[in-house]
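The block underneath contains the structure these notes are about, expressed in structure tokens.
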């Protein structure tokens, strides 16, 4: 079969292919296909768990390498060493051979050992340094305590001898008993514990000590002014030095235990000041030795990491690809006797040639005599939906896909949405000035596309950047609608001669029309700033919304005809499209006609007052055959025409309700009578398939669409193809059709009303920009001279910032959301089937896009 | 009234543009996108212009403004 060109109008034609690959080149074949990225491999081992699959061992090994690479990465981040960006490599995407992967794995292993041993020694050294620093602080601070305490030994002694003496009397009676200054603590059997403890624990520490020792201690502490850095996690902790004096060995032991359990580090301090001085000196020399060793270790580590950093990014890419390759290989089934791998994959029919040539290339390179066989299988399975997108269409396609996956070969709503989506936006956003801002922003984003793509963008800007081509179209159309509305930053655009002339030599207040002249393009600028400007623009914009809505919905409804013709389901044409179209046109088409007709007739020349269209529509339904009393008819025979239209609409309702279900039942019964049953089941060919499983998986994946809806859609589709392997249930079809009919008829009304949002939003946008102008720039124009210039500059910036943030970004977002709703609900409900399966090809490119290596 | 012909002239212009867009769209895999985008843009822009034009063809109300001062008062901001 000759495949025709794939376009955006319908999803690409897909074929289910079967590959027979020699076991030896399995990895090379899959990695070559991964570079192509056009095959969606089906899982042929769905029933086996991840651990039972063929290539689990390899994946586990690669996981380990990946972990090592991540470890290098985290080490580099910790040390602040930059990684050479992936974009600096010319072609990091060449697929390596298996031996190169082995080499890389070994290399990573040895590098990891080296780095971790370096790290370990660095950390040990660092810990030693911290300990020494703390010790130095203890020595320094404790020295102070000792000097103070020595003067008070007598005091302490006194308190020990006399049970009544208060423990803390020494504080009050400072400086007594100096004569006993040289008496050592040891003589008094007073021991002490000195150490360092984190500051936030000090309160708890004191409380516990006080309670357990019942106050039999003397504690002194002071804060270390600089924070201590914990080498394990690089956190800064502020600590306190403490020294506790107590009486008796057991108590001292208890204190030691308590302090250790609370995370304090204890250091030995000599009470002799000479010895203490020696200790400090010794600590200092050791510290300086340590610092030089540390510096050396650090520089070795940094050099090692820098060397890795030069190649880390391509390694990561290689390993990621390799892992994905094996994960895909795990989806294949393995024929032990013939030593071949068998794979099933969906691929665009147009790419089959490319796939075949790639496969034969791989074969040639490997020098294998057994060719890789590509088979096309006929199947009744639903092929996945695939659209080839480019930079321009991607955003629009994403908008539609966000609503639902398009059915295979159904009309793609994204194609018309390229125009209608930004156009509906522009109808609401119509202002040439704001449109220009959007356009410039979009052009800038497109111009710096390459640069911006590589940067990490924050969420909001990332979203705008993703939709830069949508913004471009929005900008263009907003300028156009702005010109039509005659608005630029809420000011008028007097391009042509006005059709109005002020009466009384330009003094007004009324205006009269220049004879036989209509303003040629857009709204007449004379309406700007008039007292009845809203009266006119409301009537105009309301009718504009109705007419555009009618046009958009008719356009969308026609796609359902195109779909029915394509899927060869004539019953959808006669049972859904035709009655629906007649119903819609006889009411809302007539409304649109009346609006235009009323505009075209020159009522003043005829000397008549025109009838109100709203009342006309109300009377058309409430009292068919009569017009609003006391008004002129729109045209002759209006009442009769309206009765006929109403009858046509009414007749369409039962047709819409019953024709399709009864026709389907008739078809089914006829087929049954002829003895056909379940043709579909026999036409399944796929050799390695578990049909039941597949069916269940598909249904499970589509639950969000509503179950009964799905079932029916499948039945109708299947009957169209003459494959009836679904139970036929008349009741279900009937219920579905009743729901569809009620929904359609009510939606005709509510959706038409829904398009009035075009009017409301455009009105709000215009009013808001007028208010902004009046409150800022208009005031600024009132000043003159130097003050005027300064005020003008300040106010201009204020006005501009508000214009960009409030009018362009905020209002733009709201208009965008409303336009989105008009497409998802009002337009797509008319034709969208949307029960497709998304195409998820095995592609290195998407893999790296989803999980980028920077 | 010569003005009444403007919509028809516009329609012809748009039809010609659409035909040109259809046949002159760059060949290749993006031909469909070019065609649909150009034709739809032309039609929707024409529709918008047409509606605006028709709304002012026989206006039922005329502008009223009380803050005018004279010959060129209309231009005051």
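Using N, Cα and C of the backbone, Cβ positions are placed for all residues, glycine too.
Whatever TrEMBL says is automated annotation, not expert-curated.
Keep in mind it's a predicted model, so treat the numbers as computed, not measured.
According to TrEMBL, the coiled coil annotation covers A:101-128. Through the fold, the coiled coil (A:101-128) approaches residues 61-62, 64-65, 68-69, 71-72, 75, 231-232, 290, 293-294, 297-298, 300-301, 304-305, 308, 315, 318-319, 322 of its own chain, all at least 6 residues removed from its boundaries and within a Cβ separation under 8 Å.
Sequence-remote contacts of a segment are chain residues at least 6 beyond its ends whose Cβ falls under 8 Å from one of its Cβ atoms, and for the transmembrane segment (A:423-448) they are 464-465, 468-469, 471-472, 474-485, 487-491, 493, 544-545, 548, 552, 757-758, 761-762, 765-766, 769, 803-804, 807-808, 811-812, 815-816, 818-819, 822-823. Per TrEMBL, the feature transmembrane segment maps to A:423-448 (among others).
Marked as transmembrane segment by TrEMBL: A:469-491 (among others).
Annotation comment: TrEMBL describes A:544-562 (among others) as transmembrane segment.
If you look up TrEMBL, you'll see A:574-597 (among others) marked as transmembrane segment.
Here TrEMBL flags A:639-659 (among others) as transmembrane segment.
If you look at the transmembrane segment (A:779-798), there are no same-chain residues 6 or more away from its ends with a CB under 8 A from one of its CBs. Residues or ranges marked as transmembrane segment in TrEMBL: A:779-798 (among others).
Away from its own ends, the transmembrane segment (A:544-562) comes close to residues 411, 413, 416, 420, 424, 427, 572-573, 576-577, 580-581, 584-585, 588-589, 591-592, 595-596, 751-752, 754-759, 822, 826-828, 830-831 of its chain (Cβ-Cβ under 8 Å, at least six residues beyond either end).
This prediction places the mean pLDDT of the coiled coil (A:101-128) at 88.
Here the transmembrane segment (A:574-597) has long-range neighbours at 543, 546-547, 550-551, 553-554, 557, 560-561, 564, 613, 616-617, 634-635, 642, 645-646, 648-649, 652-653, 655-656, 659-660, 663, 740, 744-745, 748, 752, meaning same-chain residues at least 6 beyond its ends whose C-beta is under 8 angstroms from one of its own.
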